[in-house]
Amino acid sequence: MGFIAATISLLMAFAVSATPIPLYDIYRRADGLTYSDLSLTAVVYFVGAITALLIFGRISDHLGRKPVTFLVFGLEAVACILLLDVDSALPLVIGRLLLGLACGLASSAIASYVVDSAPSSPHWLPAVVVANSPMTGLTLGAIASGALVEYGPYPRVLCYVVVLAGIVVSALLVALSKETVTRTPGLLASLRPKFSLPQADRRLYPVAACTFVATWALGGFFQAYGPSIAADQLGTQDTLTAALVFSSYLLPCVIGGPLAGRFSPATAQRLGMVVFTLAVGGVLVALKMSAVGVFLLTSAIAGAAQGTVVTGSIRSLLADVSPQKRAGVLSLIYATSYTGAAVPSFIAGQLSHFMGLFQIAVCYGFLAVLACIIILLFARNPQVSNVQAITCA
């Protein structure tokens with residue numbers, strides 16, 4: 001029961017966070033939100049997520065998995081209630097900040113709950129659930145919301161009512177499940193962020209950071225502008241299509257991650273980055289041509305390549321890292337990735353005052369080319385005997 005409840009809760013947490021995204025173009029057209037406002041929603045979401053991961057990421061070790069899971073659902077419920085009445089940028093920004101905090105907490109507390117409560121066999125099951133639930137949940141949430149907005153009644157309300165019901169059901173399942181940890185002291189000490197980078201990894205980190213920034217930046221672009229891309233560049237105001245635009249980059253990461261295990265970390269970085277850059281070029285061509293099918297295909301290729309290159313980078317940094325230092329390295333990886341998404345999103349918001357959506361997309365293309373050149377020149381394999389098989393999370 002506990003494993004099922006934790007898995008459903010992890011999927012639900014990320015599904016809820018994607019619910020507002022298909023409505024972005026409706027908010028822009030009906031309520032006067034600007035591209036800068038939409039960019040800000042992505043920035044605050046990533047800031048919320050990184051804050052939760054780095055500062056509150058270990059509180060479930062002391063308070064228990066269930067109380068923090070309830071906190072996740074509480075934050076998301078408040079966000080959904082705020083989003084029921086969006087008439088300006090403020091409620092959308094606050095709602096996205098709360099959803100970012102909730103997803104950051106879910107990435108640590110609920111993911112740990114999944115691992116704690118997983119059955120002993122098959123042994124790979126918790127890793128698969130934890131690695132794939134965020135992207136799967138975001139995709140399911142966006143597509144379900146897009147369909148409800150496009151084909152259901154009360155388009156600005158129904159999707160939030162549905163996910164609020166899902167939150168209640170998930171919380172009841174958790175309430176009926178067993179706690180997996182015992183409360184322990186040290187809560188205040190756990191709020192101190194911990195970063196770690198072993199000496200052997202320090203020459204590998206700048207290259208890995210380039211891959212995190214370039215690929216996560218494009219994810220931030222899709223999150224902020226996905227519906228606007230569908231409306232302004234691809235010529236459709238169908239919210240389901242807007243949801244597919246957003247999801248087309250996210251879900252293929254699940255495919256690309258395991259592919260990296262077939263190569264050495266440096267080869268995965270080089271190959272993944274080349275394919276990623278070419279695919280981003282295809283995305284730009286599709287935008288210029290207003291070709292929806294080509295756009296979705298090239299976005300999916302870019303997403304799969306992201307999974308490959310990011311997994312290769314994570315493997316290079318975690319190779320032969322002791323379990324005691326692994327959490328600190330992962331914290332640094334997440335901090336770099338979320339910052340790599342937030343900062344370009346903020347810059348894009350400022351550029352939107354005098355540049356169009358396609359011109360902003362071209363800037364992301366230049367970022368991909370720059371990162372690709374750096375990776376081709378400087379990517380190296382770790383000088384260790386054990387390179388762990390880690391898939392895209």
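Each residue, glycine too, has its Cβ placed from N, Cα and C.
Remember, TrEMBL labels are computer predictions, not curated facts.
Going by TrEMBL, these are the annotated features:
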DOMAIN    1-383  domain 'Major facilitator superfamily (MFS) profile'
TRANSMEM  34-56  transmembrane segment
TRANSMEM  68-86  transmembrane segment
TRANSMEM  92-115  transmembrane segment
TRANSMEM  127-148  transmembrane segment
TRANSMEM  154-176  transmembrane segment
TRANSMEM  204-225  transmembrane segment
TRANSMEM  240-259  transmembrane segment
TRANSMEM  271-289  transmembrane segment
TRANSMEM  295-318  transmembrane segment
TRANSMEM  330-351  transmembrane segment
TRANSMEM  357-379  transmembrane segment
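Within the same chain, residues 7, 10-23, 103, 107, 111, 114-115, 118, 155, 158-159, 162-163, 239-244, 246-247, 250-251, 253-254, 257, 391-393 sit at least 6 positions outside the transmembrane segment (127-148) and bring their C-beta atoms closer than 8 Å to a C-beta of that stretch.
For the transmembrane segment (34-56), the partner stretch with the most Cβ pairs below 8 Å, chosen from 240-259, 271-289, 330-351, is 330-351. 240-259 is the stretch from 154-176, 240-259, 271-289, 330-351, 357-379 with the greatest number of Cβ pairs below 8 Å to the transmembrane segment (295-318). Taking every recorded stretch in 68-86, 154-176, 204-225, 271-289, 357-379 and counting its Cβ pairs under 8 Å to the transmembrane segment (240-259), the highest total belongs to 204-225.
Spatially, the transmembrane segment (330-351) is adjacent to the transmembrane segment (204-225); three or more Cβ-Cβ distances between them are under 8 Å for residues at least 6 apart in sequence. Between the transmembrane segment (204-225) and the stretches 68-86, 92-115, 154-176, 271-289, Cβ pairs under 8 Å are most numerous for 271-289. By number of Cβ pairs under 8 Å, the transmembrane segment (68-86) is matched best by 92-115 from the list 92-115, 154-176, 271-289. Per-residue confidence over the domain 'Major facilitator superfamily (MFS) profile' (1-383) averages out at a pLDDT of 89.
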